[in-house]
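Peer 1: Just lifted these from Swiss-Prot, have a look:
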type    : residues                                             : note
BINDING : D14, H15, G16, K17, S18, T19, N131, K132, I133, D134 : GTP binding site
DOMAIN  : 2-184                                                : domain 'tr-type G'
Amino acid sequence: MKNIRNFSIIAHIDHGKSTLSDRLIQTCGGLSDREMEAQVLDSMDLERERGITIKAQSVTLDYKAKDGETYQLNFIDTPGHVDFSYEVSRSLAACEGALLVVDAGQGVEAQTLANCYTAIEMNLEVVPVLNKIDLPAADPERVAEEIEDIVGIDAMEAVRCSAKTGLGIEEVLEEIVHKIPAPEGDPNAPLQALIIDSWFDNYLGVVSLVRVKNGMLKKGDKIKVMSTGQAYNVDRLGIFTPKQVDRTELTTGEVGWVVCAIKDILGAPVGDTLTHQHNPATAALPGFKKVKPQVYAGLFPVSSDDYEAFRDALGKLSLNDASLFYEPETSSALGFGFRCGFLGLLHMEIIQERLEREYDLDLITTAPTVVYEVELTNGEVVYVDSPSKLPPLNNIGDIREPIAECNMLVPQEYLGNVITLCVEKRGVQTNMVYHGNQIALTYDIPMGEVVLDFFDRLKSTSRGYASLDYSFKRFQSANMVRVDIMINGDRVDALALIVHKDNAVYRGRELVEKMKELIPRQQFDIAIQAAIGNQVIARSTVKQLRKNVLAKCYGGDVSRKKKLLQKQKEGKKRMKQLGNVEVPQEAFLAILHVGKD
């Protein structure tokens with residue numbers, strides 16, 4: 001056990017976590033050179049295309065150190081994007097140490113900080129590593145000072161390496177062996193194993209990634225899941241060397257996978273504890289804090305026949321992704337679907353793309369909203385995650401919107417642009433600290449403004465140099481109203497949005513103009529209106545298509561022409577009473593882009 005090291009890698013997006021993990025695997029001979037490919041651990045197609053890590057993955061490597069001993073390194077790769085920070089905290093719970101990878105050219109960024117603080121709170125040993133020192137722009141001295149200044153850990157001794165060329169990888173491995181403590185735990189105590197992650201395999205059922213804290217887990221053991229009390233037989237277990245390798249047992253301190261033929265998707269929840277059925281542990285291990293979704297959106301299948309398949313797909317995805325929340329919802333415009341909760345817009349895009357790719361579904365998404373706290377006139381408090389659930393105006397005493405605390409690291413020359421952006425988003429500055437050329441800004445910004453397009457705008461105003469980390473802080477009173485979109489006098493529930501009163505007229509007018517371009521012309525006029533309650537704030541009309549009924553009258557009497565025109569007019573009138581307007585898919589997506597350009 002003293003030769004086991006459990007660690008994960010934390011870093012900002014694009015600072016080279018996945019490339020470094022490739023080199024570690026190659027150096028320790030986890031895969032032969034023939035099987036090696038770039039970003040081995042990013043196994044999802046989506047991860048490769050976007051170049052980001054979404055799911056945490058684990059690998060067990062054997063490393064023969066310079067002191068002659070062979071160490072077992074259990075290494076868990078973590079995502080760097082702010083939307084996936086819950087994946088990071090899960091990975092860290094299974095480790096004793098973390099490598100803090102910082103790009104020697106770019107220096108410390110906001111996510112590096114956030115993830116690093118998470119690690120320090122969990123009492124992990126943080127080992128700084130300066131990556132990409134082969135780049136001409138690398139300045140390891142300055143970055144080492146930055147780490148000490150901003151993060152506050154000793155970095156003068158930090159290992160310098162280049163994951164791309166393989167320089168300094170041996171030194172990184174030696175640091176891991178010497179600095180990160182061995183796992184603690186009692187091999188003879190009753191079994192306690194923490195479920196770090198679960199996913200669904202069509203042949204094996206639920207596969208769980210576990211970290212054994214105490215005791216031993218053997219093939220053929222009878223185990224039970226502590227939260228549900230269900231008992232299972234261990235059919236197979238083993239480790240990843242990235243390839244799945246079977247073993248007969250997992251001992252204290254090891255990380256590996258377990259298959260117990262669990263058919264039910266909710267059979268092995270993430271963060272739960274496994275123990276023996278006959279000799280159970282007295283208490284469960286502390287799990288992870290439940291993540292609350294920050295953004296809600298309705299997802300509806302384009303054809304209603306796909307509803308069942310859609311429900312099953314969501315079930316399988318939610319097993320793999322603990323932070324996905326969903327409940328059934330019906331809409332008069334779109335039929336049956338689900339209201340889903342996500343951690344952020346990137347998370348929402350990825351889930352939608354995974355549903356469309358892996359499960360072959362066609363989906364319509366409604367505009368994302370955040371959760372509002374609404375106090376009714378009778379003193380009752382309700383939480384509203386969709387505009388259609390907002391109570392009537394005369395029943396509402398107070399609407400409180402969620403405020404996010406945003407920590408940004410901004411280079412000095414872009415400070416003005418970023419402050420302008422924050423003010424435009426109704427932000428309030430709470431702190432500002434200078435660290436050399438970088439400035440740490442803290443703003444309280446309404447969550448609704450942050451989740452829509454704040455991240456993209458922040459990147460574009462600062463040419464990609466500013467970085468952001470945000471977390472929910474509190475609810476605060478605000479003058480929010482619901483803007484309804486009406487087409488020919490009928491409210492379309494899927495197009496409603498909750499906005500601040502100051503922006504309502506502007507957003508309403510913009511949305512109405514956009515809808516005018518997207519709704520195809522019919523044989524009659526279509527009136528598109530935006531309204532708050534009964535007050536219409538914007539309107540535009542899609543003009544009718546009109547057939548020239550006088551084409552065949554050459555000369556002749558004017559009363560003949562009048563008769564034909566009158567007949568056409570009556571026909572149009574009747575058509576308008578009966579006619580239905582098809583709202584195309586693009587119109588629902590238009591809401592997302594309102595206020596961007």
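Cβ coordinates come from backbone N, Cα and C, glycine included.
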Peer 1: Across the domain 'tr-type G' (2-184), what does the mean pLDDT come to, as a whole number?
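Peer 2: Mean per-residue confidence for the domain 'tr-type G' (2-184): 73 out of 100.
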Peer 1: Quick one: among the binding-site residues S18, N131, which has the most Cβ atoms sitting within 10 Å of its own Cβ?
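Peer 2: The residue with the most neighbouring Cβ atoms within 10 Å is N131.
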Peer 1: By a 10 A CB contact count over all chains shown, which of the binding-site residues listed here is most packed: G16, I133?
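Peer 2: Comparing the binding-site residues G16, I133, the most crowded Cβ belongs to G16.
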Peer 1: Where does S18 (GTP binding site) sit in DSSP terms: helix, strand, or coil?
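Peer 2: S18 (GTP binding site) sits in a helix per DSSP.
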